[in-house]
Amino acid sequence: MTRYLPPVVLVVLALLPLGLKDPYLLNALITGGIFTIGAISLNLLLGYTGQLSLGHIAFFGIGAYASALTALGFDVGLFGDVRVIHEGWHPFIGFLVAIVVSGFFGYVVGRLSFRVRGAYFVIVTICFAEVVRLVALNWIELTQGPLALTSIPQMKLGFPGLGELTLRTKVQNYYLMLGVATLAYLVVARLVHSRFGRAMRGLKENEQLAMSVGVNATKTLTVAATFSAAIAGAAGSLYAHYFRIIDPDVFLFAYTVTMVIMVVSGGKGALAGPVIGGLIFGTLPVALRPYMAPEAQWIVYGAVLILILFLMPRGIAPYVDDWFAARRARRAHGAAPAAKPQLEGQR
Amino acid sequence: MDQFLQHLVNAMVLGGAYALLGIGLTLIFGIMNVVNFTHGALYTFGAYAMYLASTALGMNFFLALPFAIVAGLALGALLELTLLRPLRGADIDTTMLVMIGAGIILQSGTLWIFGGVAKAIPSPFPDAPLQFAGVSISWLRLFVLLAAAALIALAYAMINGTRLGRAMRATFQDADTAALMGVNVRLIYTATFALGSSFAAAAGALLGPVYVVFPQMGDLAAVKAFAIVILGGLGSIAGATIGGFVLALAEEFGAGYVSSGYRDAMGFLIIIAVLLMKPTGLFARAERVG
Amino acid sequence: MPTHRIASIAALALGLMAAPAVAEETVKIGVNQPLTGPFAASGAYVVNGAKIAADEINAKGGVLGKKIQLVIEDNKSNPTEAAAVAEKLITSDKTPVMMGAWGSSLTLAVMPKLEEYEIPMLVETSSSGKITTSGNPFVFRISPPSALEAEMFAPMVEKLGIKKVDFLVINNDWGRGAAADFGKMLKGKGVEVGLTETMDAAAQDMSAQLAKIKGTDADTIMITAAVDQLTLLFKQMAATGVKKRVVTTGGSQNPDQIVAQAGSAAEKTMHLTTFLPWSPDKTPDPKATEYFLAEWKKRGYPFAGTTESFRGYDGVRTIAAAIEKAGSVEPKAIQKAFWDVELTGLNGPIKFVKSGPEGKESGQSKPGVYLIEISDGQIAEVKL
């Protein structure tokens, strides 16, 4: 049953704009969706390798800036008379550049920071995001600093034989977001079901043991960080071309926290986890808006995070799984208990 | 030369407050293995407690300061009893996330209650600065430096000279053995967290009158506290003290001679450099605290 | 719109439907201001000024026979939020005209949205030149751009005996724009321009910049920042022993708040401001000024806020005049009607003249600019 759930959810989400004409709600769904993609990428690190990266927004923001600058062009003096001048390119190239640049930063940060674990790792990742924010704030020639990068072009998609489409409307951007989110979900799913995914989970369960059977810890974690950062970069690119303005506050810790809440509440280490969390926390601001001020909403998020950690530390997704498993078990009249461990082993 | 000395004096004042922030954080991590993400919120809390005490409650400045510190102590104890005690034995990531949640609640709560407009805490000191050798320092800042130094000295005396301090050190070395030896480990945890929190609140209460008080003031303070603790090595009080001053010097001279925009980046660059070269920090001695 | 339905059901349940106002048709004006973050103090003042204007107009029967309803949203002092707020006001609240967004970077971030949805906006505070020169025909500004402020300050430069100036400005369009425009004007008058130091909007400790400025041979520091940062700066200047003439620009200084919070550290500082609430009889419309100040006092707001809040007051009055002239609440009609508005504001006549590239001109009104000085804790216009 759970096997059919993802496609059903996808179809429901794809049909949503047909019945939903309010641009404000659509806007909230797109924004929530973009951060859900970030959460899907964070889940790869947080959920599958067990590394709590709290600087994840750095890769999202780097993707946003890389994509925007590729599309807008820039003229930057490096040292002496050396200048780098870049004319604006097609926004879709910006999207690809964002993935590559973010992935590269993910690789570098992974190589350097996986030398430490636990609290040290967490702090290094936070510091990395903060340094990137300060660079964005102060390298005014490139990023416009606090003046924000404005007039970022809308995303354009070229179709062979059909010409080019500029994504102007909210509905178009919604489908772009949904497409990228689906892709990100599939990439992560493919990754965690591969041999490489087993190595990752092995490291999470018991690093010493995994290494003794030949898993290269640093290499595995670095590959995971690279993929994770690249997907976050793609989300950042969508953000830049949808909002058409970015400023250094895109690197704020609060956004990382948003993604972490999505992953943890939905269920870390479950493919559906960040999607469930994203749906809840993407739409919650809209639902709560008429009743409470934004600061009161944040109090609710904080409380929800704590409650989830206390009451269901594994998140919502595993409970959904259990529920379906239990129903199957009831149908099979008690034959299931023997089958269940086997199922766990396959997952 | 004058400018150099001026920067040096500025750095010393800032360093004292940074050291307080760092000591609180390192104490909690060293003994409880908890990365305290409410540290920034407690810093803010201390500043607002100071503000409330010296305005609404009409307290004298010198009375308001201990009031704010005790308020921080109480809030810390409350957080430990409600959130951390039930989670003993949970992995470090879970406690970190719970602390993040608590930090969000505290910060948003401050914003909700006091609004986003910055508040000023009246200072009893004269505006005219103390001048010597071409360097000026305001009386308020001088007081901040002395008060911070006194609090740091107090922390050392407490940890090295009292029964509570001995029990804390024993718990740091090995919680299980300490429990067997008759140390009430649960009590030590609560005391440690409360004490660490009161240091953050003290830093906020001291710097609040120097700057202005606003709900997000703890964000940067928290990240700086992390920087200091990483620099000094997680769990080392001496490291946190030195780390606080090193960070202040780097910031002040970085801003004065390199670029004022990268002032706040200095700390993070230091952390990244330290972690690349000596990941356990400059003064890490994992065996003992103090 | 399920949320709306849920919202109204909830409102019923909470017994908030006591007033029949919900059914009445209103004219909505979107207000996009910083209510949290570094500019929170100023944004809140502007909003409170706007409310006074709305209540005054509503008491006299509103516009086009309908009551004005201000839809107030917080842009958190952040450009991206400001753009998001504009989007929300236009698409969700369907406001046909807006006022905002206090800071220049915030206003510039909103401007593409105005073009996208073709909604006019009255700019009440921002002073960057870019706002009215970039060819956005939906922008109408009543605050002076920094070039205009510099132009009005020019005759005072010699009389004050200014020889060399250092700039200390907030690191955004507002501060950098002011440093550029005043620098150009000063150089044109043969005055030397030394350092241009910047500080982040949220920066609290400027002692490093001040230590640097302390060491130069400039006789004057020109500062552009909002009131909270100015207060800190003056205190830190006193603490670092910086003794130079200080002139602040931008009109967001709230001199009374500075006197109250910085005390003697603010002595002898000079400020370029656009409103003289200290001497209502010298303002262009003394009666209106008296009314506004009395109403402000009645509502229990601090007097210090008036140098900011009058913009919100004038802004909403200007918008109401435009709606009345347009005779409808169509954004297009209101945009056209702005050009015909003639009104005596609290700081001079409000009449828009064309500015920027031909065919896509923005509207710019030319208010008065005054130099005031804080002396013995009192605020007075500088007589030159």
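Note that Cβ sites are derived from N, Cα and C of the backbone, with glycine treated the same way.
If you look up TrEMBL, you'll see A:31-50 (among others) marked as transmembrane segment.
TrEMBL lists A:57-80 (among others) with the feature transmembrane segment.
The annotation transmembrane segment is assigned in TrEMBL to A:92-112 (among others). Long-range contacts of the transmembrane segment (A:92-112) within the same chain: residues 55, 58-60, 62-64, 66-71, 124-125, 128, 155-158, 218, 221-234, 236-238, 240-241, each at least 6 residues beyond the stretch ends and with a Cβ under 8 Å from a Cβ of the stretch.
Under the heading transmembrane segment, TrEMBL lists A:119-140 (among others). Remote same-chain residues near the transmembrane segment (A:119-140) are listed as 51-58, 61-62, 65, 109, 112-113, 146-147, 248-253, 256 (criterion: CB distance under 8 Å, separation of at least six residues from the stretch ends).
Look at TrEMBL and you will find A:174-192 (among others) tagged as transmembrane segment.
Within its own chain, the transmembrane segment (A:213-239) is flanked in space by residues 34-35, 37-38, 40-42, 44-45, 48-49, 51, 53, 56, 59-67, 94-95, 98-107, 109-111, 114-115, 155, 173, 176-177, 180, 184, 187-188, 191, 196, 199-200, 202-203, 207, 246, 250, which lie at least six positions past its ends and keep a Cβ under 8 Å from the stretch. What TrEMBL lists as transmembrane segment is A:213-239 (among others).
Taken from TrEMBL, the feature transmembrane segment applies to A:245-264 (among others).
Sequence annotations record features per position, and here TrEMBL assigns transmembrane segment to A:271-292 (among others).
If you look up TrEMBL, you'll see A:298-320 (among others) marked as transmembrane segment. Tertiary proximity for the transmembrane segment (A:298-320) is limited to same-chain residues at least six positions away from its ends with a CB under 8 Å from its CB atoms, namely 2, 261, 263-268, 270-273, 276-277, 281, 284, 288, 292.
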Let me check one thing: do the transmembrane segment (A:57-80) and the transmembrane segment (A:245-264) come into contact, meaning three or more Cβ pairs under 8 Å with sequence separation of at least 6? yes
For the transmembrane segment (A:31-50), the candidate among A:174-192, A:245-264, A:271-292 having the most Cβ pairs under 8 Å is A:271-292
